[in-house]
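Structure, as structure tokens:
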Amino acid sequence: MTTYTDNNISLVDISNYGDNKCEVYYQMYPDPSSNPYIFIPFAIFYMIIFTLGIIGNVSIIYVTVRHKVLQSVQNMFILNLAASDIIVCLLSLPITPVTNVFKNWYFGEVLCRLIALIQGVSIYICTFSLGAIAVDRYILVVKPHSKALSRKGALVVTGILWTLSLIFNIPYVLFMYIQSYDGVCGVFCTEKWPNPESRRAYTLMVMVAQFVFPFSVMAFCYATIFSKLKSRAKLRIRKIDERFVALGRSSNYSNIGEHLAMEADNKACVVLSTTLTVTNNIEINKGNIPTLALQKEKDKQRLLNQTRRNTIILVSMVVIFGLTWLPHNVVSLVLEYDEDQTIFKIDGDDDLDLSYLVNLFTHSIAMTNIVFNPVLYAWLNPQFRDLCIQTFYKNRKSKSATKSLSKCITSETKINHNDSFIPLKDEGKKIIQSYQTPKILEQQQNNLSDVVSDNTKKFIKKINNGSAETMKMLSSNSSFIDCDAIESQFNSIEQSSCEDVIV
């Protein structure tokens, strides 16, 4: 929140003005922020931030409300973040630059207090929500055995965040006033504290609560998550090597190339890629099966790419938050403790004051955070991205809206049928069918059923407490897997915990 004080106006300055005459403040005390060559580029920059911020955050809310599959506990915090970003777009983005450039308050006495309160609350909610998202993901990845946060629990946490934000901003209601001066046109919305010490203490508290604490929480949580995912990746690479050696030593295969690209460590996705062959037809089909060594390298490279992607995303979340909010908090603190207001003043004939320009610059940088948030916390989620494309571009061919969920339970299968391979790819809601002919051995059907029931049932049981209907459907030796039916079971899942959808 930016306020303007009367420190630059002295009794000597206004003594020469008559009662019926006044002069505009920024003409009396010119500074670079009021120069058209400076504030016009800033105005354009703010308009870009406003447009992108509104589009991005409104899209998050609209797509989430429209698609039930996105209405998870984790996404409740992201919705909270999007709502606070929209409030910042509507209030802080247009009002703060206007008052910074024209050094005047045009919105009345009631809004002087109310807007200060709403601005403060929305910014607190924004930073608190980022911290809550980090903690939620920390529990999901690092402590998967602990009880997952329920929807009711998420609502309680959200209520606590809003309550704390209101409490921290009560001083704005108590100490914001409209101030006018003889000889100076207009009025000023400024803070009047009982003493300078209390105001400085409050400014320091704001920096700690609004920036230092959330940043520390995010840094700790995401650093721990990164370490955990890195350890898991190393373990999986070692298992791939061990599986390669074991398969290489085997002389008889009835089920070759069963690859678990991502193995469940409680709530992680299990992606099955299974190639089934008939024992007696290995030589016939050998030309269609990738070599074990090549598949081993593909699996390892996929894990390395996934680790690299997660690293970039996690580091970006912390670094972007720090780089956008730190400058503005530091400048606000410096201005509070600069009694003589000389730090940002250039000595000369006119004693050029750069404090407004510096504050405008750091505020604009902080506001870019509302543009990054939808990208980092929603758009990089493949499931959300696909649903967003499907929602806003209905006539355009897009991937299935439930791609991320269906990947967790569907296997890409190749079955020997009339001595030829029929590829059956999982494509969202399509039915993956095993073509039954007399030539397909009964054991082959059992192998496919075992793969589904053993691996998939473990995954579903861990994250959905083993829905009886789903278990029955997956355990049956039917000749097809109906992804529509399975998807309906997954609509009740409250945690989207795929590691490749960590954001």
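Backbone N, Cα and C atoms are what each Cβ position is placed from, and that goes for glycine too.
Unlike curated records, TrEMBL annotations are generated automatically.
What TrEMBL annotates here:
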type: DOMAIN; residues: 56-377; note: domain 'G-protein coupled receptors family 1 profile'
type: TRANSMEM; residues: 38-65; note: transmembrane segment
type: TRANSMEM; residues: 77-95; note: transmembrane segment
type: TRANSMEM; residues: 115-135; note: transmembrane segment
type: TRANSMEM; residues: 155-178; note: transmembrane segment
type: TRANSMEM; residues: 201-226; note: transmembrane segment
type: TRANSMEM; residues: 310-328; note: transmembrane segment
type: TRANSMEM; residues: 360-380; note: transmembrane segment
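Taken as a whole, the domain 'G-protein coupled receptors family 1 profile' (56-377) shows an average pLDDT of 81 in this prediction. Of the candidate ranges 38-65, 77-95, 310-328, 360-380, 77-95 has the most C-beta pairs within less than 8 angstroms of the transmembrane segment (155-178). Same-chain residues lying 6 or more positions outside the transmembrane segment (38-65) and placing a CB less than 8 Å from one of its CB atoms are 32, 71, 75, 78-79, 82-83, 85-86, 88-89, 93-94, 97, 101, 357, 360, 364, 367-368, 370-371, 373-375, 378-379, 384, 387-388, 391-392. The list of residues near the transmembrane segment (360-380) in space but at least 6 beyond its ends in sequence, with Cβ under 8 angstroms from a Cβ of it, reads 2, 33, 39, 42, 45-46, 49, 52-53, 56-57, 59-60, 78, 81-82, 85, 88-89, 92-93, 96-97, 100-101, 126, 130, 133, 313, 316-317, 320-321, 323-325, 327-328, 330-331, 388, 503.
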